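Undergrad: Quick one: the structure is below, questions incoming.
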């Protein structure tokens, strides 16, 4: 069985992680966050990529695609090896740019099926406010205004065109993410139940 993948995209603070956690509780999906995998790899003392990843994250830049895809592929393989019923994956925060997408298409062609893109659409103002609020408790080094401005610019320049590309293929499920967690999840449920 090939992994069945749903890409989860949206600006910083759009609620991707929160909604993915809800989906995992209610459906047979495994949540893989490209950012979390990179942060874990960065903090592993024996990691060959740790320092490299660290400098990219601090600068608000996108980590080289081979590193990210390697971590994603390894995580999917390990999950499916542990339990063959777990072949559905939510990949959150990837692909973030053209280079990511090309890398995925090259490396994963025929190895995984992308079902659709779940796009959490939210204004920049709401995203920034949410991240600053989260920064008070998350301890994330990139939840400050300066990093956020950079991350939003990166998102608008790099990730939005990817979403538009998938839209042309009719593969995007767009959700208004400016509403409450429950309202957003109600839309998510409708989409996933249609897909089942």
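Each Cβ is built from the backbone N, Cα and C atoms, and glycine gets one as well.
As annotated by Swiss-Prot, ATP binding site applies to 13, 14, 15, 16, 17, 18, 134, 179, with the evidence given as sequence analysis. Summarising the annotation, Swiss-Prot assigns ribonucleoside 5'-phosphate binding site to 39, 61, 62, 63, 93, 94, 95, 96, 140, 151. According to Swiss-Prot, the feature CMP binding site maps to 100, an assignment based on sequence analysis. Annotation source Swiss-Prot lists region 'NMP' at 33-63, citing sequence analysis. The region 'LID' annotation in Swiss-Prot covers 133-143, and the record cites sequence analysis as its basis.
Context for these features, please: burial, neighbours, distances.
TA: In sequence order, 33, 92 are the residues of the chain that are 6 or more apart from residue 17 (ATP binding site) and have a CB within less than 8 Å of its CB.
Sequence-distant neighbours of residue 93 (ribonucleoside 5'-phosphate binding site): residues of the same chain at least 6 apart with a C-beta under 8 Å from its C-beta are 8, 9, 16, 33, 34, 35.
Shown in sequence order, 62, 65, 68, 94, 162 are the residues of the chain, 6+ apart in sequence, with a C-beta less than 8 angstroms from the C-beta of residue 100 (CMP binding site).
Tertiary neighbourhood of the region 'NMP' (33-63): same-chain residues 16-17, 20, 71-72, 75, 91-94, 96-97, 99-100, 141-142, 147, 150-151, 154, 158, selected by CB-CB distance under 8 Å and a gap of 6+ residues from either end.
Residues 13, 57-58, 60, 151 of the same chain lie 6+ residues outside the region 'LID' (133-143) yet bring a C-beta within less than 8 angstroms of a C-beta in it.
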Undergrad: Looking only at 39, 61, 62, 63, 93, 94, 95, 96, 140, 151, which the record lists for ribonucleoside 5'-phosphate, tell me the maximum pairwise CA distance in angstrom.
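TA: Max Cα-Cα spread across the ribonucleoside 5'-phosphate binders: 21 Å.
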Undergrad: Summarise the model's confidence over the region 'NMP' (33-63) as a mean pLDDT value.
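TA: A mean pLDDT of 88 is what the predicted model shows over the region 'NMP' (33-63).
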Undergrad: Let me spell it out: for each of the binding-site residues (14, 62), count the other Cβ atoms within 10 Å of that residue's Cβ, using every protein chain shown. Which one has the most?
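TA: Per the Cβ count within 10 Å, the most buried is 14.
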